[in-house]
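Please read the structure below before turning to the comments.
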Amino acid sequence: CHLIHYLRLGHHLTVLNYLICTFDKQKSLSSEDIKITDAVFDGVEVRVFEPPAKQDESLKRSVVYIHGGGWALAGARINTYNNLCRIMAESLSAVVVSVEYRLVPEVCFPEQFYDALRATKHFLQPDVLAEYSVDPSRIAISGDSAGGNLAAAVCQQLSKEEHLTVRPKLQALIYPVLQAFDFNTPSYQQNMDVPVLRRETMINYWIYYLNGNYNLAESLLINNHTALDVSQALSFRERLNWTSLLPSSFRKNYKPVIQTTGRAEIVQEMPALLDVRAVPLLAENETLQLQPKTYILTCENDVLRDDGVMYARRLENAGVEVTLDHFHDCFHGCMIFTVWPTEFSAGVQIRNSYIKWLDENL
């Protein structure tokens with residue numbers, strides 16, 4: 001993939017995504033149990049999973065699901081996410097809307113956010129919910145990894161729009177990526193070289209998503225973009241003070257990496273590094289107070305562990321009811337590794353825990 005990129009025959013992420021989608025090609029559509037249709041919600045492609053109606057209910061629960069992949073890979077139509085959404089629809093007897101947002105390098109931030117927001121707002125319209133026989137009081141917004149980022153950002157934006165008549169009851173975030181302020185949190189330091197998501201890989205995803213220059217990666221790695229002399233970052237520092245937001249079992253003996261002098265031009269070139277639509281963990285308390293009941297799943301062997309844990313603590317401090325579901329023996333992305341030949345018991349374990357929470361709370 002990188003050779004093709006070097007030879008200027010195509011972007012390596014485009015090639016990688018082609019290989020992923022070819023290898024993980026979705027094998028079937030509708031069955032007797034689940035009706036699967038592709039639709040367009042306000043210009044955004046979605047895949048809708050509809051279970052058969054039960055005799056004792058006229059309206060169904062629903063989940064809007066936003067897939068992961070670093071804002072650049074995978075999609076609603078590949079087999080792993082098709083399988084996940086099918087199982088969710090069957091297990092919950094819920095309508096699942098899987099959002100096929102556009103990817104890097106075709107588009108960069110904020111287009112992925114706007115795609116997810118437009119599709120969700122379209123679905124929340126009373127006439128659309130009626131078309132799919134969905135109970136407007138029982139809707140969740142959910143996503144994993146970069147999809148968890150988009151789900152959190154969409155929930156925050158929806159909470160600010162006063163004219164909405166239907167709002168999500170829940171948000172459920174699976175090992176979400178929520179901040180680009182500090183790439184030296186304890187989990188980033190502890191898991192910097194752990195597959196599937198190494199620290200340098202996550203930094204590269206951020207650079208691609210925010211349309212930055214790859215040459216900035218080394219400076220981001222040592223937090224030069226949020227040094228003490230970068231005035232734009234000062235007001236956000238307390239919102240991501242992991243020395244107070246993380247429990248001691250996660251902090252361990254790691255020390256904060258705070259540069260005295262850094263490179264303010266990084267934030268000037270990529271202002272979205274401090275844009276809450278891209279980094280929901282930096283939202284102000286007034287916004288967090290408006291968030292729905294929340295589920296956050298984290299894995300110990302994941303650079304993003306502390307993103308989720310800190311968001312859970314900030315939401316709790318703002319008065320939101322939060323369930324933090326932490327798995328000590330799991331790794332980033334494992335929930336989609338439930339289909340042969342990449343079938344892991346850890347993936348099935350966390351998928352079942354996630355669906356169980358939705359079933360009990362939605």
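Including glycine, each Cβ sits where the backbone N, Cα and C put it.
Caution: TrEMBL annotation is automatic and unverified by curators.
Database features, via TrEMBL:
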ACT_SITE  SER145  active site
ACT_SITE  ASP302  active site
ACT_SITE  HIS332  active site
DOMAIN    63-216  domain 'Alpha/beta hydrolase fold-3'
DOMAIN    273-335  domain 'Alpha/beta hydrolase fold-3'
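SER145 (active site) sits 8 Å from HIS332 (active site), taking the Cα positions as reference.
Look at the domain 'Alpha/beta hydrolase fold-3' (273-335): DSSP puts its residues at 24 helix, 19 strand, 20 coil. Just so you know, of the active-site residues SER145, HIS332, the Cβ with the fewest other Cβ atoms around it within 10 Å is the one at HIS332.
Taking Cβ-Cβ distances under 8 Å and a sequence gap of 6 or more within the same chain, the neighbours of ASP302 (active site) are TYR175, SER187, ASN191, VAL194, LEU197, CYS330, PHE331, HIS332.
For the domain 'Alpha/beta hydrolase fold-3' (63-216), the model gives a mean pLDDT of 96.
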